[in-house]
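According to TrEMBL, the protein has these features:
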type: DOMAIN; residues: 48-385; note: domain 'UDP-N-acetylglucosamine 2-epimerase'
type: ACT_SITE; residues: ASP528; note: active site
type: BINDING; residues: HIS580, CYS590, CYS592, CYS597; note: Zn(2+) binding site
Amino acid sequence: MTQKAQPKMEQSEKRLKKQLRVCVATCNRADYSKLAPIMFGIKSHPEIFDLEVVVLGSHLIDDYGNTFRMIEQDEFDIGSKLHTIVRGEDEAAMVESVGLALVKLPDVLQRLAPDILLVHGDRFDALALATAAALMNIRILHLEGGEVSGTIDDSIRHAISKLAHYHAVCTRSAERHLISMCEDHSRILLAGCPSYDKLLSAHQRDYYIDIIKSWLGDAVKEQDYIVALQHPVTTDIKNSIKIYELMLDALISFNKKTLVLFPNIDAGSKEMVRVMRRKGIEQHPNFRAVKHVPFDQFIQLVAHAGCMIGNSSCGVREAGAFGTPVINLGTRQTGRETGENVLHVRDADTHNKIYHALELQFGKRYPCSKIYGDGNAVQRILKFMQTIDLSEPLQKKFCFPSVKECISQDIDHILETQSALAVDLGGTNLRVAIISMKGKVVKKYIQLNPKTFEERIELILTMCKQAMADAVHLNCRILGVGVSTGGRVNPQDGIVLHSTKLINEWSSVDIRTPLSSALHLPVWVDNDGNCAALAERKFGHGKGIENFVTIITGTGIGGGIIQHNELIHGSTFCAAELGHIVVSLEGPECMCGSHGCIEAYSSGLALQREAKRLHDEDLLLMEGMTVNNKEQVNAIHLIDAACLGNSKAESVLHTAGTALGLGIVNILHMINPSLVILSGVLAAHYENPVRQVISQRALLSAQDTKVMVSELEDPALLGAASMVLDYTTRRTY
């Protein structure tokens, strides 16, 4: 090595070891709840990052709780405190506050000289921060850009996005919005919301009862109180004050213990406080009015509330992580992605509409929603910051024209595969799989299905938790859980109404709630026949076909119907019980109690019954065939015998194929699909007999219907996964 080369290498190593100087600026209690997890993450890696904290805005105002103290309690060193709020709580005061911040910020930013400034959200204080940093050539990482909420916040948020150099967004829709705003998609990280990193573990803690008592009194129980948090809408102050007054009237009438938080510092807040005091809320025995609740305690209060009401983003975002019912009032969050736990009251002339909403929502629980995060946002953001090349030109480049299609993440260090957890509850085995968006089975887990309900649920949870842990190492992002099970299922509520005889103790069972609560994931449940149809629609022969039918030929006979691209469930969730189409008035008895069903002729159990009958009469085995004493005669023996020329076995299979064909002819005449897909272990043996029956018995207009054998190896698992993948990617990240 030359002497000249050695100093160059040392300089290069020094550059690599140089700490990344990150300035986090927080303006209020709300943005600190999102920034704090990142700050803790930065602080835990002093060898990589050098953290500087700047506090400004309402943090430093006594009327709003002097919330800078909670930053100090978290043991962060506050490098600068900037008093930037001009009091008045009207539009002019907001503008003056931005101007005051712009006057004070340059000295601080020049002294700190950060490599990166973290700016959160859509507040006017944040706009001042982004403006100052952009003009001073400081790189800006904007958190939670690209979202839509329907107020002046939208304009501020998008303005900050245009000033920012890098973006960490919460949802797939937000990512799309930024791309359509001409932001460079290679500088957009789909991270999820940082606060969710704490939320998803907070729900498991057992000290929440003490928190509830400390804020609402000893007599208040879990899910028997309300959290109210309403802010002014600066573009429609008069109407937002009216709705606030109606909300308080409705809460007084509803007569439940309620924690009311003071509104934020936006224009109109002073008038809202006057309304609250005029109604005597601070002295009312049912109310506790407070200026600030520490975030760790606040999320416990929200998690265990009977309902949350108001227009805070916490209601449409964080509350969904717990399944807490929410009533969103007015227009402040219009456009936000929400889980099914949110009931919107866009406008109200009297308090009756809000009161009825309280009656509908109070005390309900909903599946956990991960629309805004999966608990891994901070580690993604820290990793993302480390990839920022400080030697790159600072000048932003915009991508014109705007991108219409969704562009998936392609940041080198994040190559996560969007995936689903699929659960198949069979009569013998319980199977769980991680399945990717393209239908690849990434990893599969199989266990014998326990006999009792309690053991079964416990095993499902154990297997799912193992799969979720493995998914992290396999670089898979789990979006939700899909469950395929036998029997009649109410997919709207995630309840198995009636199980098959093969799965005991599995009737009137709510599968969704225990899985969603334990795994913190949305859960979908459906019948295995319907799942097979969904699998074909997404991954198989049914892809792009508007109307088709899937027939499962296995232990039983089932199936699913796709009509106009949608799965048909029926009024009592009994549609597509195709195995119980009657093809003979005097046929053999079926497991359903009827006679002459397709399943009584063509199912694996029916063939096994006939195989045993022939074997008992010494009419089954052919030369070269043997059956051990310990081995149970089954359908495969019957098929093998038929292939070797056993006329009795051939006759049984012919009858079975004809019965299935007749049932399918009835289906063709009823719903006229363009395709019939045969699935399951017996499908290949029935393909030709079914085609023959259709050509002989179907109406001329239906004789050209295609009959195909499925090429999918795991239709039940793939169908369970498709419920997750289709729904979540339609509206979430």
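Note that Cβ sites are derived from N, Cα and C of the backbone, with glycine treated the same way.
Shown on the structure are the features that TrEMBL records.
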residue: ASP528; record: active site; Cβ neighbours (10 Å): 27
residue: HIS580; record: Zn(2+) binding site; Cβ neighbours (10 Å): 20
residue: CYS590; record: Zn(2+) binding site; Cβ neighbours (10 Å): 22
residue: CYS592; record: Zn(2+) binding site; Cβ neighbours (10 Å): 15
residue: CYS597; record: Zn(2+) binding site; Cβ neighbours (10 Å): 29
Key: Rounded Cα-Cα span from the residue listed as 'active site' to CYS592 (Zn(2+) binding site), Å   = 17
Ask   = Can you list, in sequence order, the residues of the same chain other than HIS580, CYS590, CYS592, CYS597 whose CB lies within 8 Å of the CB centroid of the Zn(2+) site?
value = GLY579, VAL582, MET591, GLY593, SER594, ILE598, GLU599, ALA600
